[in-house]
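Asks: Below is one structure. I have some questions about it.
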Amino acid sequence: MGLLLPLVLCSLATFYTVESLPQEALSLLPLLSRGCNDSDVLAVAGFALQDVNSNRKDGYVLSLNRVSDVREHRQDGLGSVFYLTLDVLETDCHVLSKKAWKGCEARSFYESVYGQCKAIFYINKPRRVLYLPAYNCILRPVSRRKVHRMCPDCPSPDDLSDPRVLEAATESLAKYNNENTLKQYALFKVTKASSQWVFGPATSVEYLIKESPCTKSEASSCTLQLTDSVPVGLCKGFLSQSYSEKFVSVTCDFFESQAPTPGEENSADNQGPTNLPKAEEPQQINTAPTDSPSKAMPKGSVQYLLDLNDEKPEGSQEKGPVEAFPVQLDLTTNPQGETLDVSFLFLGPMKEKLVVLPFPKEEKRSAKCPGPAQRADPLVLPP
Ligand SMILES: *[C@@H]1O[C@H](CO)[C@@H](O)[C@H](O)[C@H]1NC(C)=O
């Protein structure tokens, strides 16, 4: 090895003279295996997940259950690129609330949605830069069959288009409009629903609301619609019926910063590159000044798949290993890596390039991974 390395260095150096950028040889720096419980790794994972959440327009904030795998690729004098595989849990905060995942509650086990995210995250501590170039996540609801076996009376998820779900949403929102405000709100979209039997059917529902142009006095007959309306809050409603009695309850939580109106350039978003704050105040991240915020928008998606047990009927497990959360994330397929221009993250006139590699394979993961889980229940951990 001691003899081989200089040789490799030489041949690559000549190979790369074509590009005449000394930075191009950076991919020679090895990918470091890091411990999944290292405090700096956990901090990086937390920042990356925060950026994933703030990039999303739909769904619930994801929280970190554990770091499943991590590799660090040091960039000569320019910080590090981390390749993170994170096991995540859905919380009860909507992403439009822009709440930090640490301030959100994980859901009860019977309504858990869990999964895995892969993220490529760049950190440059001395220059206080954090940047998420790309991520992908796959989520699944907890196995309904397993939940039912453990807890036959627990609420079970409903089809969002079920008439009872819509009824629970409209009735609870009517109650909210009637009791709480001068302003009126209208249903934007149902986001979650479940039901159980408690002396009769009981439905819990979560939905986004928008402002309604109607006044309180005309509420019941009003058909006005605001065009271009955006969700302004998330309500949790409950409707139960037993004998002839109906019970309705509702709470609504309004978003601090509302979603930008379509077509308008979003200036105060959290989606661009972020300045690294002092270590003791990680929640206060400022948006770095940049001329091209569009380039800083991470590429990524969150995909929802079915309950694992729904897909595989019982007894059909012998079909060979099927990857339950097949998250793909590759900015390049070139094993030597490719350069990624991140000059826009810095104020200077210099061209700053990172070397990104194909996403490292899980088989080579460190013995110190995965890290300890916040919730170690196998029901919500990717296999
Ligand atoms: C993870 O790190 C924390 C703090 O450093 C430590 O208390 C804990 O025991 C570690 N857990 C494992 C499983 O290594």
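Here the Cβ of each residue, glycine as well, is placed from N, Cα and C on the backbone.
Heads up, here are the entries from TrEMBL:
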SIGNAL    1-20  signal peptide
DOMAIN    25-138  domain 'Cystatin fetuin-B-type'
DOMAIN    149-253  domain 'Cystatin fetuin-B-type'
REGION    258-298  region 'Disordered'
COMPBIAS  283-293  compositional bias 'Polar residues'
REGION    363-383  region 'Disordered'
Asks: So which residues does the region 'Disordered' (363-383) touch in its own chain, when a touch means Cβ under 8 Å and the partner is 6 or more beyond its ends?
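Replies: Distal contacts: 33-38, 41-42, 63-70, 87, 89, 106, 109, 112, 114-116, 142-143, 146-147, 324-325.
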Asks: Looking only at the domain 'Cystatin fetuin-B-type' (149-253), what is the mean pLDDT?
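Replies: Summarising the domain 'Cystatin fetuin-B-type' (149-253) by its mean pLDDT gives 89.
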